[in-house]
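Taken from TrEMBL, the feature region 'Disordered' covers 1-25. The transmembrane segment annotation in TrEMBL covers 49-67, 73-93, 105-125, 145-166, 193-214, 220-240, 390-411, 423-444, 543-566.
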Amino acid sequence: MREIMEKNERDDSMEKTEIGNSSRTEEPVNYRGWKAMPFVIGNETFEKLGAIGTLSNLLVYLISVFNMKKITAATMLIIFNGTTNFATLLGAFASDTYFGRYKTLGFSSFASFLGLLLIDLTVVFKKLHPPHCKAEEGETCKGPTAGQMAFLLTGFALLVVGAAGIRPCNLAFGADQFNPKTESGKRGINSFFNWYFFTFTFAQMVALTLIVYVQSKISWALGFGIPPILMLISCALFFMGSKMYVKVKATGSPITSLAQVIVVAIKKRHLKLSEPEQPWLCMFIYMAPNSINSKLPYTNQFRCLDKAAILTPQDEILPDGSAANPWRLCSMQQVEELKCLQRVLPIWAAALVCHVAIVQLQTYVVFQAIQSDRRLGNTNFDIPPASYSVFLMLSMTIWIPIYDQLVVPFLQRLTGKEGGITLLQRIGIGMFLTVICMIVSAFVEERRRTIALTKPIPGPKGAISSMSGFWLIPQLSIAGLADAFNTVGQIEFYYKQFPENMRSIAGFKLLKQFVNRRSSPDTEGAATGNWLPEDLNKGRLDYFYYLIAALGAINLGYFLVCANWYKYKGSEYNNALGVEVELVRKKLLVDNEA
């Protein structure tokens, strides 16, 4: 690993390129590559340790320390998470349009530190939280005052501000440090995505075990005091590397440009391309001099959008070559940028089903663990149900460096491709493993339920199966491998093909509602009743897993069709068209000058 990093550092330090296609001379950019990574990845690791270390146990804290009812605390966290997810959209817009990633990350990191510090202060000072009580002994618990809630919500608000800037920017900011035009830079970007998720899962494991243990078993004040210290270290690491960073300036949001293409294409829908075999001959070709986007060649997909760039006698061109009214004429570059988005959307839709499967597994494996024998060997120590998810992260953490250091070089020698296999092939392998994971999960659940009904151990929420909880490890290990292929591949795919985060979890509740409605007792063919009751022994969670596996198999077929249709940005075919377009453009310029 050290040799690879040193070689990439030498290559990147020798390469100096300019950002943008400006005709004026700009200061060359020195890509420091792996030299900047200790600060970037260190910042990300300590930030995740701090944030996850607080948020993962926040529900228990609100109930036990702030004396909130379970429904009230859960509702508050749901609102907090929803607000955070929406705020990331605003953060991405502000970063792209006004501030740039460096300033956005710096400000957001400090905001997160203040938010974590305020939450810790609510534990340290008795006046900032309600008095302790023992509800189990019948004692009436006093809730938080208005002032205490205001102080707590201020901490939440600062965490929202921090997440709004950190989540959409940190991954892209790290990739910005590599030169995408050199072979060493391309290798660096590929490795960075792998190591980013390696450190991310490592931070999750530490936060969900050590920090949560300190909070629950030792002291809330000490446990909540660790995250702000880690976040302060994160801020320090980030600013220590300031002189090394490539700081890409904000150039405006792409949303306006995309909207212009759609509007103009609708306005010009009745026009016809005068050269259907060579449509670029009648299209407006212009590239803004201060644009940091790579120049996109013409593609023959979604040709209805080409009409937005048809140059008519009514369209005015300014002396600098740009359109006088961008809402009446768009450039071929703008059209191709929208096409990139449209090509990615079907892939994103296929990835959504795969993401649903992994999240459902992480949710229900906890319930499976609760009704399994969780004793460690012959001891009386029970493994906490939520801790079984660590095996998923552990599988991912072990596999990623093996894949990056051993598998990728072997595949590169075998196929001659950058990364060994294409990004869509990597995502497809992850989707296939997800289907296998669901089938294995169904087999294990069927065995757990059968043993629970035949050899039960009495429990508070239904009979506990005498099956060891370690039988849950195989499905979690496969899920970790699937995530290593699918999730990491998706992030890299989106970054390279279209720089936007497109993951969503909107389909989760719809899937659950569909299952519960179809499997209710009054539905024909569902003689066993609800598949997902509170007592798993009275339901059929294995059927639910089989359903997700079937949906995953159908989704995999859909994905293979989309992957076969997909044309990578900058592919050999598209580059050939781009060269032809450029030659035609230069010929027209020469003819005009003559």
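Just so you know, glycine gets a Cβ as well, placed from its N, Cα and C.
Those TrEMBL annotations? Automatic predictions, nothing curated.
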Stretch of maximal Cβ-Cβ contact with the transmembrane segment (220-240) [cut-off: under 8 Å; candidates 105-125, 145-166, 193-214, 390-411, 543-566]: 105-125
Region pair the transmembrane segment (73-93) / the transmembrane segment (145-166), three or more CB pairs under 8 Å: yes
Recorded stretches the transmembrane segment (49-67) and the transmembrane segment (390-411) touching, at least 3 CB pairs under 8 Å: no
For the transmembrane segment (105-125), sequence-distant contacts whose Cβ falls under 8 Å of one of its Cβ atoms, 6 or more beyond its ends: 43, 47, 50-51, 54, 61, 65-66, 91, 99, 148, 151-152, 154-166, 169-170, 173, 220-221, 224-225, 227-228, 231-232, 234-235, 238-239
Chain residues outside the transmembrane segment (423-444) and at least six past its termini with a C-beta under 8 angstroms from it: 347, 350-351, 354, 357-358, 361, 365, 368, 471-472, 474-475, 478-479, 481-490, 492-493, 496, 542-543, 545-546, 548-549, 552-553, 555-556, 559-560, 563, 566
